[in-house]
Amino acid sequence: MSTSNADSLVLSENANHPVNLICSLCRNFYNLGWVTGTGGGISIRERTPDHDHIFIAPSGVQKERLEPANMFVMDFPTQTYLRKPLDLKPSACTPLFMAAFSKRGAGACIHTHSQAAVLCTLLTRGKTWSIANIEQIKAIPRPSAGGYMGFFDTLVIPIIENTAHEEDLKDSLEKAIEEYPDTCAVLVRRHGVYVWGDTVWKAKTQAESLDYLFELGVKMVQLGLDPAGPITPVEE
């Protein structure tokens, strides 16, 4: 790879530099079974007084084998690439990541192919998936009211239909973001989920909490329970 190809943007010994975080988080997501094969991905936005950069994992590279040199870097204001690895293609998720950055001011966006997320989209024919009265819901933010959701709240995640090409999901994902202003995620039927947060750590926390809720919701359905149903009174 040419050293003139803006390599300085991805060279850092700081473990919290976006390129190093993308590599370490993708290895973690691989171990969770979220990004098997080359599916899924993550993008991080870094805003400083000097720049506003988007760091994006490439397409077609197994996520547990990612290296900083594989990363694409985009200038957010102009949406032009500052660095493009010569032998790789940008992630097909890029337009979806950009929607989260543009529409929600997100600091990071995570895309997984979690089986629990996919199953939740198959267990309902509707345009949303819901779960209520579960402690883990308290990890999910509620922008309209500030703070986070409460134990007695009902979490609603919009579902959009899959397309043959991932980049073609952009319009429907943007529409879901606009129609559900409190959501921090969008499920894609038979595909997976996009989750974003104000920072990379909030995005990670929300992705983990949502996957817990997705898996729990699937198990509840298997047991004949309604994930969004009321709390059943305990008999005295």
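Placement of Cβ uses the backbone N, Cα and C atoms for every residue, glycine included.
According to TrEMBL:
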- GLU135: active site, proton donor/acceptor (ACT_SITE)
- CYS93: substrate binding site (BINDING)
- HIS111, HIS113, HIS191: Zn(2+) binding site (BINDING)
- 20-218: domain 'Class II aldolase/adducin N-terminal' (DOMAIN)
Distance, HIS111 (Zn(2+) binding site) to CYS93 (substrate binding site) (CA atoms, angstrom): 8
Segment-level pLDDT (mean, integer) for the domain 'Class II aldolase/adducin N-terminal' (20-218): 96
Inter-residue C-alpha distance, HIS113 (Zn(2+) binding site) and GLU135 (active site, proton donor/acceptor) (nearest angstrom): 24
Alpha-carbon spacing, HIS111 (Zn(2+) binding site) to GLU135 (active site, proton donor/acceptor), which is rounded to whole Å: 24
Integer Cα-Cα distance in angstrom, HIS191 (Zn(2+) binding site) to the residue listed as 'active site, proton donor/acceptor': 26
Candidate with the highest Cβ count within 10 Å, taken from the binding-site residues HIS111, HIS113, HIS191: HIS111
Nonlocal neighbours by CB distance (under 8 Å) for GLU135 (active site, proton donor/acceptor), same chain, sequence gap 6 or more: PHE151
